[in-house]
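Written out below as structure tokens is the structure these notes cover.
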């Protein structure tokens, strides 16, 4: 019944298509093909990222739970403290010469006021950090599961109809929803929450051994500080060097904040009216295509690598005697070599 309902809806949609849409079927077909490749790559990237988040969150949560089982016991009063206090009171009365009053009818006549046991500040801080870390880790796992379900739902909704016009409109409609509801931001936020959870765990490791051994505290603090500094450097590196392969989820957020501040503080009315905040990818494209001596050097190196790769591929796919001009032309070597001087000559004017 459901399939019949869907078929009837599709039929009604096809009947309602305007003449302009029917005339532009080829254009919509091209759009659908490109949108399908783009969305498929995007969904696969999200799925791989969420699978990694789920795996890490599961292992991390299991490890963190084992630490919490040990640490939360420090928040409870120790039952042995009462026994020690009672024995100390009895011993004090005996030493004071009141041994005759210790026992009355076989029962100690000691007025014992139970001592209140307060957890240390380090134990409270450690447990707070670790419990928040566990909540964040489990939240990341939940969000990662939901993102995987949403991506599958997106793919199913776009594959229902065979009409190029309707599929194109569905692609455009659903992708507009992804942009409007900040799906990209949410996916970028999940690893950031997981990183925050891990940093809180490291901070808890510093507070946990404070009542035990100061040497352990020093080791844990040094290691945690090193990780924090390294994370900060990895975050800031792509902001100053766009070609850096190292980055963190905070890098994109800081970049957008800096760009927004630059736009707001700019005295250029055009820039302020546009309100456009450039992305890191756009900045990378600008730096990669900017005319400079480094750009020329990279272009020459890329062309040399391409020619070398084509020669190696052709050499491996054929014997030495078959490396004729026609074979090289077929493999793309001759066009590569013949066009390189013209490109390099033109590049001198760049």
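Backbone N, Cα and C atoms are what each Cβ position is placed from, and that goes for glycine too.
The domain 'DUF6535' feature in TrEMBL is assigned to 28-208. Marked as transmembrane segment by TrEMBL: 50-69, 121-144, 189-208, 215-240.
When Cβ-Cβ distances below 8 Å are used as the criterion, the transmembrane segment (50-69) is approached by residues 127, 130-131, 133-134, 137-138, 140-141, 144-145, 147-148, 187, 190-191, 194, 197-198, 201, 204, 208 of the same chain, each at least six residues removed from its ends.
Counting residues 6+ beyond its ends, the transmembrane segment (189-208) has Cβ neighbours under 8 Å at 49-50, 53, 56-57, 60, 64, 67, 71, 122-123, 125-127, 129-130, 132-134, 136-137, 139-140, 143-144, 147, 217, 220-221, 223-224, 227-228, 231, 248-250, 253 in the same chain. Within the same chain, residues 50-51, 53-54, 57-58, 60-61, 64-65, 67-68, 71-72, 74-75, 186, 190-191, 193-194, 196-198, 200-201, 203-204, 207-208, 210-211 sit at least 6 positions outside the transmembrane segment (121-144) and bring their C-beta atoms closer than 8 Å to a C-beta of that stretch.
Note on the domain 'DUF6535' (28-208): mean pLDDT across this stretch is 84.
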